[in-house]
Number of protein chains: 4
Amino acid sequence: MTLTPEQQAEIQEARAETRPTLRVTSEGMEKRLYVAHEVLDHGLVRVIDYMGDDNAITQAARVSYGKGTKHVTNDEGLIRYLMRHWHSTPFEMCEVKFHVKLPVFVARQWIRHRTANVNEYSARYSILDREFYIPAPEHLAAQSTVNNQGRGELLQGEEAQRVLDILRDDATRAYDHYEDMLSQDGQKGLARELARMNLPANVYTQWYWKVDLHNLFHFLRLRADTHAQYEIRAYAEVMCDIVRDWVPLAYGAFEDYRMGGVNLSGKGVEALKRRLAGEVVTQENSGMSKGEWREFEGVWG
Amino acid sequence: MTLTPEQQAEIQEARAETRPTLRVTSEGMEKRLYVAHEVLDHGLVRVIDYMGDDNAITQAARVSYGKGTKHVTNDEGLIRYLMRHWHSTPFEMCEVKFHVKLPVFVARQWIRHRTANVNEYSARYSILDREFYIPAPEHLAAQSTVNNQGRGELLQGEEAQRVLDILRDDATRAYDHYEDMLSQDGQKGLARELARMNLPANVYTQWYWKVDLHNLFHFLRLRADTHAQYEIRAYAEVMCDIVRDWVPLAYGAFEDYRMGGVNLSGKGVEALKRRLAGEVVTQENSGMSKGEWREFEGVWG
Amino acid sequence: MTLTPEQQAEIQEARAETRPTLRVTSEGMEKRLYVAHEVLDHGLVRVIDYMGDDNAITQAARVSYGKGTKHVTNDEGLIRYLMRHWHSTPFEMCEVKFHVKLPVFVARQWIRHRTANVNEYSARYSILDREFYIPAPEHLAAQSTVNNQGRGELLQGEEAQRVLDILRDDATRAYDHYEDMLSQDGQKGLARELARMNLPANVYTQWYWKVDLHNLFHFLRLRADTHAQYEIRAYAEVMCDIVRDWVPLAYGAFEDYRMGGVNLSGKGVEALKRRLAGEVVTQENSGMSKGEWREFEGVWG
Amino acid sequence: MTLTPEQQAEIQEARAETRPTLRVTSEGMEKRLYVAHEVLDHGLVRVIDYMGDDNAITQAARVSYGKGTKHVTNDEGLIRYLMRHWHSTPFEMCEVKFHVKLPVFVARQWIRHRTANVNEYSARYSILDREFYIPAPEHLAAQSTVNNQGRGELLQGEEAQRVLDILRDDATRAYDHYEDMLSQDGQKGLARELARMNLPANVYTQWYWKVDLHNLFHFLRLRADTHAQYEIRAYAEVMCDIVRDWVPLAYGAFEDYRMGGVNLSGKGVEALKRRLAGEVVTQENSGMSKGEWREFEGVWG
């Protein structure tokens, strides 16, 4: 992504002047504000506004638990306790608003997270820019042969080239035709709300996306996961870095309990206990299906 | 839309056998169950399941108001009272699940209604069908010259033909290329989650969409409105007919208070009162902006 | 409500020091931050944090409408347009967090607004304070004889005194017994999560309540309305004043279109049009029920 | 709880007559419909309506995954896969509506689950019944000495008796005074919306509560857990039995992955792997805090 000089100037201007506030601030987040973090070939993530910090989480927890938490002197310990026991409401006290530029097919996955506020650029009102996502060669992968929703080996040589040519040519042609249909030069010009239907799913759109920290963690757990499609994961990973700067204690707990954690079924607990007792557990005597066992072995060997 | 013989047989089979239930049933809805209502050129709306009827609404209201509502002997009156006074929770006691087949650009508007449950056909896992929305000539309109998000006159003659040709050709080519990229004939075949990005926004997708009656009314108020884009309105209008059969009293109240109703601002109330008192009210002396006044005159002359 | 000297000192301390921020600030809201606004006899509302201002609303709208809104040069006009046409998402870009101290029976009404984040003081963990809501004489009203959910005339003389005595004595006794049961002096002491069940619904609780501006407006429309119970209205009215300072343009539009506005049914529109045409409309020839007509006359005479 | 003869007759009548429907039915749930399941001393849970069954879950999953799931021939395996991988939307396709009678302090915990629809008996409109929760002796426990929010040993002898006397006497007196204040015999009678504030938190209320299966599982995971307060757990356990009858495959997966499952943090995974490798892991060398280690040892010894 290359920002236009106008956009760079706008960001610099927004970052040039601080205002005094009585609100809590997060130093890590102030450094991120407005800055465009590049994602994919033309995408970006920017923080436009935020509310709260690690302290807002413990403050809310302490209102809930009142004098009962007086003995927990340690903010990190309290935040880890909350995360471990799925206490979600204190994390909801923090809020963040992102500006995101992303391909439409990524936007369609993203929007499935319903507990958030969204204002998207409307192609009913306005004309979309001529920008399309074309995967870099290292992301141009074949269909996985073992996973219906995954990628396998990279495409090579001629096949890779053919795919890139198709994606580029079709996008270019679709956009040319989009402009042709909209044009009011010597013709009426098709309504924008109709013309947009000719554009492919790799065209870029943009939106403001506002969410509380609890729901953001839920989004990141699913979308920064290795099972997520690479293109949305690229956004989630940038956002993980931002959140780490914003609320380092909460992010640390999230990383340990959610991203780095493992959910064991009752059968999985049983199998591990038997192993710890020296028993040899196999798929057959574990009670697990083949699929479960494969995933279990993936973690525990 | 032409259903395949398999699909028709499936619907007939689903409708062939009734089961006994102790639940409330809605006769009007039983007639609708599973039946495919055609929308646009390849789309459809079907009711797959429902819960509750008009009586479930008044029953919930009577739990809330207890003995206090004993004197309201009339179900219609009670439902109209609830609608008039924005009591939303009794309407939430009814639920409906639709199967919808719709173009992606319509799906993108639709999904903005967040308080609903959705399972969409996933183009990560599966291959989309070769079906695209091509507007009928009577819906092929130019950009409105007065409304940024609306349609104006119909396109005519050569321009109309050119647009239809573009939409058809580009969709066909995009789909051909989609298949070419996916093909594992003599090549690895691109991952489905990537290949889909070549498809335009008029390709059809499908989903199950489940929603409570209160939120469905909210959807219908916005999407069956004349300001909604024609293509989503076509779905909303079919759904209005279905809801009328399902909960006739609630739908009647909705039609009178929401669809046929008018919201007046404080300034609008003032202007009408002055008119009723015989005064001549103009934009200038109404305190309204030009836009507000234009809308006010649109209703009141 | 009398704040303790400790609490007053805490507020003064919180207001003593500003920090620099790159975020947008609202001057009106900075003046409100942390300040305790008294409500009822022991209640309070305080703003603890906020995000966004009027400008955040128009900025979001302009992202949605892109170049299409360039011609709307006027922020107030744009905000009024959004409010008039029920465009809710731009208002969701603003967020506010309140600290509220309120009687339990008010909290029970309040919590029905689900789209908000809450952390309430937990009487499972901690011991509630000895504070109860006792209505002022000017709010001690009889059951309405015309409205099942409303108040009628004020209670007078002996009856008023008897009610106040009962409320005070029962609350005092309940709290004494609460303490007796909890006491670990010469006995085990009942679990807090059980002992609390002896406390009446006028005991005060407190919480953090965080909400976006769109949902806050919805809350205020219902709870600052004359049909709302006085005790929750007292909170809503204080919050209206705060919101006016925070986002004056949005609040102005809300006041005109929601608080001061009127919803007319299709039948109501018809009746008014006939009146404007000089016809005499009566309940009988209006198609409205008696209840609807009474409300219609209440506005239009 | 003793149902009145009228209530028993009403339930029998509701269960006497079946209607034909084309919808899917759940045999296990049909047996539950309307039947009052007793909870605590005066509470109850009843199923009033439901929508969907195990099959509705796999059907939704198959729409999402299309032809990609054709090879999963096994419904149980598919449902377990969905549960294991946190695919929540297929479970949202099932909906259930309960009638619940419960003490107010339980209702206050319950209502914190926001993604549900509620119609509660309103004490603004109507007069509450003279029914209060008084714990059975085997639930009358002292405050835990190790857990701020838990119960410890049972109260015994005189202390237990004193507590029961207080709870009964205060509830009785509060209700007598409630009636005295409401009475219009020789006085105006206090407004119901005010009089209710004299009632303690163990008074019974009732509501309709409607929720989808995914959110119901979330509720049950937290509220049927041993850490939940006994009084709400009593409701959750009855509801678990009902859900098992309704959707046996989904409930089985829920039981294995959620109720019987364990969440390990990254540190926990590390500690277990070291143990499996024969190492002795202690709190000190595990990187866990004392609290985390205590919980870890609680599961793994």
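Glycine is treated like the rest: Cβ placed from N, Cα and C.
In this structure, B:ARG223 (active site, involved in ionization of N3 of dUMP, leading to its activation) is part of a helix by DSSP. In this view, B:ARG223 (active site, involved in ionization of N3 of dUMP, leading to its activation) is surrounded by 22 other Cβ atoms within 10 Å of its Cβ, with every protein chain counted. Sequence annotations record features per position, and here TrEMBL assigns active site, involved in ionization of N3 of dUMP, leading to its activation to B:ARG223.
Same-chain residues at least 6 positions away in sequence with a Cβ under 8 Å from that of B:LEU213 (FAD binding site) are, in sequence order, B:GLY52, B:ILE57, B:PHE91, B:GLU92, B:MET93, B:CYS94, B:GLU95, B:VAL96, B:VAL243, B:VAL247, B:ALA250. Annotation comment: TrEMBL describes B:THR89, B:ARG112, B:HIS113, B:ARG114, B:GLU120, B:ASP212, B:LEU213, B:HIS214, B:HIS218 as FAD binding site.
Feature annotation from TrEMBL assigns dUMP binding site to B:GLN109, B:TRP110, B:ILE111, B:ARG112, B:GLU120, B:TYR121, B:SER122, B:ALA123, B:ARG124, B:ARG196, B:ARG223. A coil conformation is recorded for B:SER122 (dUMP binding site) in the three-state DSSP classification, outside any helix or strand. For B:SER122 (dUMP binding site), no same-chain residue that is 6 or more apart in sequence has a Cβ closer than 8 Å to its Cβ.
Taking the C-alpha positions, the distance from B:HIS113 (FAD binding site) to B:ARG223 (active site, involved in ionization of N3 of dUMP, leading to its activation) comes to 11 Å.
Contact with chain D, taken as any Cβ pair under 8 Å, is found for the binding-site residues B:THR89, B:SER122 out of B:THR89, B:ILE111, B:SER122. For the binding-site residues B:THR89, B:GLN109, counting C-beta atoms within 10 A of each C-beta gives the highest total at B:THR89. For chain A, the nearby binding-site residues by a Cβ gap under 8 A, listed in sequence order, are B:ILE111, B:SER122, B:ARG124, drawn from B:THR89, B:ILE111, B:SER122, B:ARG124, B:HIS218. Sequence-distant contacts of B:ILE111 (dUMP binding site), defined as residues of its own chain at least six apart whose C-beta falls under 8 angstroms from its C-beta, comprise B:VAL118. Across the structure, B:HIS218 (FAD binding site) and B:GLN109 (dUMP binding site) place their CA atoms 14 angstrom apart. Taking a C-beta cut-off of under 8 angstroms and a sequence separation of 6 or more, B:ARG124 (dUMP binding site) has the following same-chain neighbours: B:ARG192, B:GLU193, B:ARG196. When the record's FAD-binding residues B:THR89, B:ARG112, B:HIS113, B:ARG114, B:GLU120, B:ASP212, B:LEU213, B:HIS214, B:HIS218 are compared pairwise by CA position, the greatest distance found is 27 Å. Under the DSSP three-state reduction, B:LEU213 (FAD binding site) is assigned to helix. Of all the recorded positions listed here (B:THR89, B:GLU120, B:ARG223), B:ARG223 has the Cα closest to the Cα of B:GLN109 (dUMP binding site). Counting every protein chain shown, 17 other Cβ atoms lie within 10 Å of the Cβ of B:HIS113 (FAD binding site). Whole-number maximum of the Cα to Cα distances across the dUMP-binding residues B:GLN109, B:TRP110, B:ILE111, B:ARG112, B:GLU120, B:TYR121, B:SER122, B:ALA123, B:ARG124, B:ARG196, B:ARG223: 29 angstrom. A gap of 21 Å separates the Cα atoms of B:THR89 (FAD binding site) and B:ARG223 (active site, involved in ionization of N3 of dUMP, leading to its activation).
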